[in-house]
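Annotated features, as they stand in TrEMBL:
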type: COMPBIAS; residues: 210-236; note: compositional bias 'Low complexity'
type: COMPBIAS; residues: 237-247; note: compositional bias 'Acidic residues'
type: COMPBIAS; residues: 252-270; note: compositional bias 'Low complexity'
type: DOMAIN; residues: 2-218; note: domain 'DDB1- and CUL4-associated factor 12 beta-propeller'
type: DOMAIN; residues: 270-333; note: domain 'DDB1- and CUL4-associated factor 12 beta-propeller'
type: REGION; residues: 210-271; note: region 'Disordered'
type: REPEAT; residues: 14-47; note: repeat 'WD'
Amino acid sequence: MVYQLPTMRGVAIAEGHRDAVFSVVWIDEDRFMTGSRDGSLRVWSVNDAMDCGTNGVGHTIKWLRQSWTSSSRTTTSTSKSKTKSKVRDLKLIKCNGTQTATSLTSKGTVQLWDINTLQRKNVIKLPFTQELVCLSVQPNNSSLIAVGSQAHITFADPRQERCAQSFNSQDEFWGVRSLAFGSEHILTCGGGRGRLSFIDTRMMEFLPLSKSNNNRNTNNKNINHYNNYNPSNTSNDDNDDNSDNGGDDTTRTQTRAGTRTRTRASAATASVYHNSSSEGWLDRDSQMYKTHFTGIQIPPAIYTTAYNSDGTKLFTAGGPIQSGLRGCYAAVWF
């Protein structure tokens with residue numbers, strides 16, 4: 001659906017994908033690209049539309065025709081399974097007057113597409129492939145692509161077509177759910193455990209936000225009980241089986257596929273490298289909560305992070321990661 005700002009009036013419908021659309025990026029004022037769980041990328045033109053009726057208040061709704069679709073509905077066959085590669089996220093790289101689309105697939109690759117020719121240019125294989133959900137592109141020079149997985153943030157260099165470095169997530173195995181560059185050198189990471197952290201790409205380190213307090217369990221009154229609800233089994237996300245990639249997001253410090261993984265210092269001496277989200281709203285009257293989660297404090301996962309135009313304010317939003325729970329969370333950080 002295409003909406004007109006600032007009224008948020010629906011003006012056009014784009015229909016063609018056969019599964020959920022995970023990401024949309026504008027190429028220019030007329031065209032936008034979509035990435036879907038059906039495995040395809042599609043380009044739509046707002047000017048290439050036909051009237052299809054009116055909405056409830058008499059406004060005309062247009063029907064958009066797709067001007068291009070990728071051939072990325074590839075399948076991976078093994079002796080045990082045959083699975084389709086899904087597009088999990090999509091971003092646009094703008095550098096030196098050229099535009100490149102960057103898509104993240106569920107099979108552990110970042111694909112680069114030339115916007116002018118709409119042909120795939122390169123493919124970068126990722127070292128960690130479990131629960132690939134989000135990516136972000138460094139603004140201005142676009143020399144880094146950040147990718148979030150189950151337990152890591154990986155930086156890829158599109159110029160050299162390789163992965164450069166990986167970090168252990170501050171949310172441990174609860175998944176990196178959102179990424180956003182607040183400036184050219186600061187990457188913001190939102191996690192499944194409700195933690196917000198920041199990586200300085202010049203020093204390639206997490207930014208310390210405060211000193212550790214061994215007597216404090218941030219956002220969890222019963223940390224041990226809460227840890228039993230690891231999202232690997234109870235997530236609201238559509239997790240993909242990446243076993244055929246050999247991808248494994250277990251914590252590690254050794255070199256793998258030319259990628260260095262950074263770890264933090266011991267808990268006794270380390271600073272705190274994350275902020276925690278507030279509780280938000282959670283439906284505690286639901287049968288699911290009463291049966292399985294009564295008395296457990298559930299921090300909302302941070303599913304989206306976005307900065308204002310000058311990078312001085314950060315918007316975060318999300319909800320419970322456990323399947324069957326209902327809730328929401330939103331906040332503005334100054």
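The backbone N, Cα and C atoms fix where each Cβ goes, and this holds for glycine too.
Remember, TrEMBL labels are computer predictions, not curated facts.
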Surrounding residues of the repeat 'WD' (14-47) on its own chain - C-beta under 8 Å, 6+ positions past either end: 1-2, 62-70, 72-74, 84-92, 99, 101, 103, 105, 113, 115, 118, 238
Tally of residues which DSSP labels helix, strand or coil - the domain 'DDB1- and CUL4-associated factor 12 beta-propeller' (270-333): 6 helix, 28 strand, 30 coil
Three-state composition of the repeat 'WD' (14-47), taking helix and strand from DSSP: 0 helix, 20 strand, 14 coil
Predicted model, mean pLDDT over the domain 'DDB1- and CUL4-associated factor 12 beta-propeller' (270-333): 92
